[in-house]
Amino acid sequence: MVMGLGLFLLVFMLGLGLTPPTLAQDNSRYRDFLAKHYDATPQGRNDRYCESTMRRRHLTSPCKDINTFIHGNRHHIKAICGDENGNPYGENLRISKSPFQVTTCNLRGGSPRPPCQYRATRGSRNIVVGCENGLPVHLDESIFRP
């Protein structure tokens, strides 16, 4: 009985030790997603907005060809990964049931070297995300290309 309890406690403690890094990694990928693609209340949504926001978020070294910022409520974006605001889309992706306000920043010119100049395109559309453990970690920007 004592031996069984000791083994149980050992396995339980090992399980606790392994879980937090996994959760931390998931949260890290989600935080990266938010840093690259989420801006709750943008100012301007024009070319200057794209250039300053891309620079502030360190997405300009080298210049990124395209980046889309999603505006609105973070909870609604998370909900795409469940049935509340998302449906399966393609292979391992989810599409939002409701449209989001977005600003897509397209690199002008062909050089990947700063200074980066962007053209802003504003719109409202459904978005497609990749999810891990119920959190969005990837935005499929192929649907935003002209």
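Using the three backbone atoms N, Cα and C, a Cβ is placed for every residue, glycine included.
What you see is a predicted model, and the numbers here were worked out from it, not measured in a lab.
If you look up Swiss-Prot, you'll see 1-24 marked as signal peptide.
Among the features that Swiss-Prot reports, pyrrolidone carboxylic acid is placed at Q25, with the record citing similarity to another entry.
Here Swiss-Prot flags H37 as active site, proton acceptor, drawing on similarity to another entry. There are 20 other CB atoms within 10 A of the CB of H37 (active site, proton acceptor), with all protein chains counted. H37 (active site, proton acceptor) carries a helical DSSP state (H, G or I).
What Swiss-Prot lists as tRNA binding site is R45, C105, I127.
Sequence annotations record features per position, and here Swiss-Prot assigns disulfide bond to C50-C105 (among others). When Cβ atoms from all protein chains are considered, those within 10 Å of C105 (tRNA binding site) total 26, not counting its own.
Long-range Cβ contacts of the motif 'Nucleolar localization signal' (55-59) within its own chain (Cβ-Cβ under 8 Å, at least 6 residues beyond either end) map to 35-36, 67, 116. Swiss-Prot lists 55-59 with the feature motif 'Nucleolar localization signal', giving similarity to another entry as the kind of evidence.
What Swiss-Prot lists as disulfide bond is C63-C116 (among others). Around the Cβ of C116 (disulfide bond), the number of neighbouring Cβ atoms within 10 Å comes to 22. In this structure, C116 (disulfide bond) belongs to neither helix nor strand by DSSP; it is coil.
Annotated disulfide bond per Swiss-Prot: C81-C131 (among others), in sequence order. Cβ-based neighbour count (10 Å, all protein chains) for C131 (disulfide bond) stands at 19.
Per Swiss-Prot, active site, proton donor is recorded for H138. DSSP gives H138 (active site, proton donor) a strand state. For H138 (active site, proton donor), the same-chain residues that are 6 or more apart in sequence and have a Cβ closer than 8 Å to its Cβ are F33, V129, G130.
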If you measure between the CA atoms of C81 (disulfide bond) and I127 (tRNA binding site) and round to the nearest Å, you get 11
The correct three-state DSSP answer for R45 (tRNA binding site) is coil
For I127 (tRNA binding site), just count the other CB atoms lying within 10 A of its CB, please. 24
Looking only at the motif 'Nucleolar localization signal' (55-59), what are its DSSP counts of helix, strand and coil residues? 2 helix, 0 strand, 3 coil
Could you check which of the recorded positions C50, C63, C105, C116 is the closest Cα neighbour of C131 (disulfide bond)? C105
